[in-house]
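Here TrEMBL flags 7-28, 76-98, 110-130, 165-187, 193-214, 310-332, 344-363, 375-396, 402-428, 440-459, 471-489 as transmembrane segment. TrEMBL lists 15-496 with the feature domain 'Major facilitator superfamily (MFS) profile'.
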Amino acid sequence: MASAFHGVTLYLVVLLVVATLGPLQFGFHLAELNAPEDVITCRKTSISAVKRAISFFKSDPPVAAPTDCIPMGRPAFAAISAIFTVGGLLGALAAGPFTSSRGRRRSMQATAVFYLVGSIVETIAASVPLMILGRFLTGVGAGASTVIVPLYISEVAPPAQRGFFGAFTQISINVGILFTQSLGYFLSHDGAWRWILGSGVIIAIIQAAGLLVVPESPAWTASVRGDMVRARRVLQRIRGKHANIDNEVDAWGEGDGKLTNEEESLLAGESSTSLETSATLLSPQVSASRPDKTTLGFVQVVRDPLYRPAIIAVVGIMFAQQLCGINSMIMYSVSLLRDLLPTSSALLTIIISVINLGTTIAASPLPDKLGRKTCLLVSIIGQGTSSLALALSIVFELKIMSAIAVLLFVAFFAVGLGPVPFIMASELVGPEAVGATQSWALGASYIATFLVAYLFPIVNEALNSALGGAGWVYFIFAGFAVLWAGFVTRNVPETKGKRDADEVWGRTRRTD
């Protein structure tokens, strides 16, 4: 993995850390209600390990006084949980056209505002409607982040290492999940659960502050704004003073972007900081700037036969990401594993998150080494095999085999289906269509997530009642894996090492 950081500047690392705070908050808010659910809804006063440890040493009996909670039934809590996905879908659909026309930096700043306001509302909420409002706002920020941040990473990361750095989106999501579930393990008691939600406010403030010094994507600045001079200067700082950036600049297709004597004199007085923090503004003195280019919208890309295969591919792999069953494990593993391992439900959730994060980090170099398509196929086939093993082990009550199958199931997801879809959506089309394509991809992901979240417990219970026992639903996931492996083989091209979308699809670029 150390070789993946060869030639990477500290400045680039800082940019990536700030940018990935958006996906981190996606994971944070996705899982923030998992551990403290019973405390928030007034069913229990505590499920906290710390609270139990303290009460163990107390001689006084526990006080049954009302806690700081919001009385509600399961339907109301389900609405609070599900509205995050609805907000995410809206954010994903709106983010593509917005980031294509306004830029990546300004779009990330908008997500920070949604995260901040939504987190504040959630933290102080004393009723179900306010909780729904807060979750909806954070959902919008989350959906937009999962569109914008992978684009930004793919455009600032070195071309040979885009697969590696593209995995940072999924890694950050997993860090957010692990962080909030760890907080929940210790703070799910009395009114302390509000500190879990309040942590989202702190993260949003850090994100907003960091984005003040993050530059606009050089590729977007050159391709959409036509400002080659500014784009080249920003890219040079990201790559390092002595790095050769000519090949990357040539890929923008806007000329070499080198400064003339007149432009050098005009820009000589500008500090690098002012160039970066005002990267979204056109400089009227720079004659190399060109009028804004046309970007394609959400409907345009699917109507255009040039882009339609890419839309089919990204929507398909996003559905594969969810319909192979990962969220059935992330969201319902507590009840599934309760009789498999001798530990608490909250701790089980943390263990699953640690495994998911660890394997995601370990597998992050694979898309650049093996190829995106290969990683997808290995991941799908591995998850399908694990689903089959899990189904059989649950049906025949083989607890050790069930535990191993769960670990493999999560590990295989991290190999390909976790990070690769976020990478490929920005590699299958040109800059003029990448925003809308990401919106299609993330829109499909949120719809598929919604389907799994709601249908899994229903289908699982129906099959268990009809066939007797448990585990039958994982035969369905194994069957889905076979179907999605065929889809990827036929409809998804390899993007590793390809210069642009024309080369990915084997098209000949016109020169007239």
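Cβ from N, Cα, C; glycine included.
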Long-range Cβ neighbours of the transmembrane segment (471-489) (under 8 Å; 6 or more residues past either end) | 316-317, 319-320, 323-325, 328, 373, 376-377, 380-381, 383-385, 387-388, 390-395, 456, 459-460, 463-464
Remote residues contacting the transmembrane segment (310-332) - C-beta distance under 8 A, at least 6 residues beyond either end = 31, 34, 177, 301-302, 352, 356, 376, 380, 383-384, 387, 406, 409-410, 413, 417-418, 420-421, 424-425, 428-429, 433, 437, 440-442, 444-445, 448-449, 451-453, 456-457, 460, 473-474, 477, 480-481, 484, 487-488, 491-493, 501, 505
Seg_contact(the transmembrane segment (165-187), the transmembrane segment (344-363)) with at least 3 CB pairs under 8 angstroms, min sep 6 = yes
Proximity verdict for the transmembrane segment (193-214) and the transmembrane segment (7-28), three or more C-beta pairs under 8 Å = yes
Kindly state the mean pLDDT of the domain 'Major facilitator superfamily (MFS) profile' (15-496) in the predicted structure.
-> 80
Considering only Cβ pairs under 8 Å, which range in 76-98, 110-130, 344-363, 402-428 makes the most contacts with the transmembrane segment (7-28)?
-> 110-130
Note: vs the transmembrane segment (440-459), the recorded stretch with the largest number of Cβ pairs under 8 Å from 76-98, 110-130, 344-363, 402-428 is 76-98
Non-local residues, at least 6 beyond the ends, that sit with Cβ under 8 Å of the transmembrane segment (402-428) | 146, 150-151, 154-155, 162-163, 166-167, 169-171, 310, 313-314, 317-318, 320-321, 324-326, 329, 333, 336-337, 340-341, 352, 355-356, 359-360, 362-364, 366-367, 372, 375-380, 382-383, 385-387, 389-390, 393-394, 434, 437-438, 441, 445, 492-493, 495, 498, 501, 504-505
Cβ contacts under 8 Å made by the transmembrane segment (110-130) with residues that lie 6+ beyond its boundaries = 22, 25, 29, 70, 72, 76, 79-80, 91, 98, 136-142, 144-145, 148, 194, 197-198, 200-201, 203-205, 207-208, 211
